[in-house]
Amino acid sequence: MENFKGQPRLPKFAVPKRYDLQLKPDLSACKFAGSVSIDVDIVAETRFIVLNAAELSINPGSVSFSPRNSSKVFDPKKVELVEEDEILVLDFAEALPLGLGVLAIGFEGILNDRMKGFYRSTYEHNGEKKNMAVTQFEPADARRSFPCWDEPSFKAKFKITLDVPSELVALSNMPVIEEKVNGPLKTVSYQESPIMSTYLVAYVVGLFDYVEDHTSDGIKVRVYCQVGKANQGEFALKVAVRTLELYKDYFAVPYPLPKLDMIAIPDFAAGAMENYGLVTYRETALLYDEQHSAAANKQRVATVVAHELAHQWFGNLVTMEWWTHLWLNEGFATWVSYLATDSIFPEWRIWTQFLDELTDGLRLDGLAESHPIEVEINHAAEIDEIFDAISYRKGASVIRMLQSYLGAECFQRSLASYIKKHAYSNAKTEDLWAALEEGSGEPVTKLMNTWTKQKGYPVVSVKFKDQKLEFEQSQFFSSGSLGDGQWIVPITFCCGSYDKKKSFLLQTKSENYDVKEFASDSNKSAWIKLNVDQTGFYRVKYDEELAARLRYAIEDKYLTPTDRFGILDDSFALCMARQLPLTSLLTLMGAYREELDYTVLSNLISITYKVGRIAADARPELMDNINQFFINIFQYSAEKLGWDATQGESHLDSMLRGEILTALAMLGHKETLSEASRRFDAFLKDRNTPLLPPDTRKAAYVAVMQTVTSSNRAGFDSLLKVYRETDLSQEKIRILGSLPSCPDQGIIREVLKFSLSPEVRSQDAMYALAVSKEGREVAWTWFKENWDLILKTYGSGFLITRFVSAVVSPFSSFEKVKEVEEFFANRSMPSIARTLKQSLERVNINANWVKSIQAEQNLGEAIQELAYRKY
């Protein structure tokens, strides 16, 4: 018995083949009863059966094993549920016969309120609060709903039956084959599923409306949502039908199930979950309201739907063998969701926006406390923490880099053969590399192992000397320290024109490249840009001469948006790592004053926020000039866009207007603040006023909060009133995300208190954590005071990591590092260990950055000149 405890994985002497599962949820008492009969193949000599179970009470008298070819029934002499390992150990008096048999178990459980396992979510119907029952089993929570082999490689078929109140809708992975009504209850039976992993099993019970459509080959697609919201499912439905058809062609394999249901769940921890044939979503990721949703909401729905539907092939049909390979699921689905969205909405220029994913990956992976894409997992509690920017965003970025290197057609062909080969089974990272290597003839495994098996990435330094480019790679750390990683880097570069593009693999520490052919007399001062279109997962550091040429190329509008984005983002990262003075970064930012591309400006805005915070900690006396300089940068685009949309304007302009106006409000721009106030007053009188459509509401809300104080709180109270009156999740989140931008500490304390109140669904509380720099200390004090409550509410899921990083990371002093370490000295736990180390590393990076800015010579004069320069 002791041999089974403390093991990361289940023993392999018994293998499940089919589950016949019956469940009876009681929505008012919030509990459920169930029984499961599992066809099990005993493949090695054993008198034990070990499977997963957690938070279930097992009825020992109900447990038996019946071999297929014998009338004998084996009853266990001991049934033990080991809660710390989440295993159920069945000890029989004698060895079980090899071959197939049926394991029967009866059990009971709780419909919990922690958004994992089989849980309850609340909704209102005709003014009455009701419960629905929902599942969320990824990564390792099917075991909270029924005893099972809860690991991705133990694939089996599932035959599910639910006993539910007869007026409710009951959905599962497969279509209903029979409903038998028996008074107040009905028994709903579903078709048997193809073989699949336990984390993809799903069932939902509640009151729902739906909209329906079909793909051209007859797959029935439905979007379910709360009663009265069906029309908000129309957009996602349209996207889903088109996406399924697109993936069928791209993967050269039809969608494997007879139907696809997508359903909006009011209480939902993640963004969405790709359960086979029954995809669950947060309301904000599935519902779109023509009247009250912003362009950014529309884009979010499209990309999340495309991401989840990609999983129906990449994840569900072909499944990772173990959580070490999670990135295969998530990185791939992220990458391919952009492919699908770009095909359906080419005018969104979504591949340019992909750079936001790239940047998020680079930011996390620049930490010493990052982890490799392929990460060892030794305990179920560790899995949650790797659903992060490495698995999703670095994963997607290295796939994009590889596709760009191999070519789109070859990549697609090889993927299709990988999916065919591994359909209905499991695969590891190396299986994908083998398929791509076979299809391309390139050394994919050798190349990609440098990107997935070690953490981090290189910065490639480039110098121009004697008509040669000198390249040198070294590991990049945001802290500025030196690392010893080395990569095989696909280098691309252009000289003076995009017609002249060169590429090679940098396989050593350094290499020279002769550019005589580019360097004709007329071209002596030509710009040279590395990592063309930012397809490579690395940063570039130019010598001063090359950097100056690129700055002129940006001002003269010679470069593409992706390259303008890359130069800015790399410079910001190098400045943070203290390899580039702040003066140089600010001078470069000045070159973007006529920028109009959404993605570039969006990143410029987020950089101004970050630089502004660090500069305020380092040199508060310079802030008036710094803010004035930032306002000058955004003036051009703000004047072009104004507050009001023009007839037929682009989706990207609609998104940009809100972001630019929000930035100006945060910078204290007087005209923006007063115009926002005027429009907000009109909105309070009429929620449908054309003066404040969804795209500019967040800007107005943020502007209102800039002037709120404890003694002048009318704007705050008005926003809370709007929050309470709307039933649209997107509107609630717009408000929640705006409230903490207030500089008044008393108000911040109220906002944080409100975030943990019953008025805010627990998955949404983190939107209130993005506090102003004035609110950091208040947030930290509040966090310490409420730690026990936060732990009780969020401690069993991944959302608790969001609290730790949001509250700790914004600080910038070495003293704060000590204080945080002391607080967590006796409060740490495996599920937050990695996040806590990363957050403290960020504080140290900030503190060192502050020190270097304080020591920077002539910074004040440079900023004065930039702030009042006439163009």
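Note: Cβ is positioned from N, Cα and C throughout, glycine not excepted.
The following features are taken from TrEMBL:
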{"type": "ACT_SITE", "residues": "GLU308", "note": "active site, proton acceptor"}
{"type": "BINDING", "residues": "HIS307, HIS311, GLU330", "note": "Zn(2+) binding site"}
{"type": "DOMAIN", "residues": "15-200", "note": "domain 'Aminopeptidase N-like N-terminal'"}
{"type": "DOMAIN", "residues": "235-451", "note": "domain 'Peptidase M1 membrane alanine aminopeptidase'"}
{"type": "DOMAIN", "residues": "527-844", "note": "domain 'ERAP1-like C-terminal'"}
{"type": "SITE", "residues": "TYR392", "note": "site 'Transition state stabilizer'"}
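Locations of recorded TrEMBL features on the structure.
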residue	record	contacts (Cβ under 8 Å, 6+ apart)
HIS307	Zn(2+) binding site	ALA272, ALA333, THR334, SER337
GLU308	active site, proton acceptor	MET262, ALA272, MET273, GLU274, VAL279, TYR281, ALA333
HIS311	Zn(2+) binding site	GLU274, ASN329, ALA333
GLU330	Zn(2+) binding site	PHE387, SER391, TYR392, GLY395
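Each residue in GLU274, GLU308, ALA310, PHE314, GLY315, ASN329, PHE332, ALA333, THR334, SER337, TYR392 lies on the same chain as HIS307, HIS311, GLU330 and has a C-beta within 8 Å of the C-beta centroid of that Zn(2+) site, without being one of the site residues.
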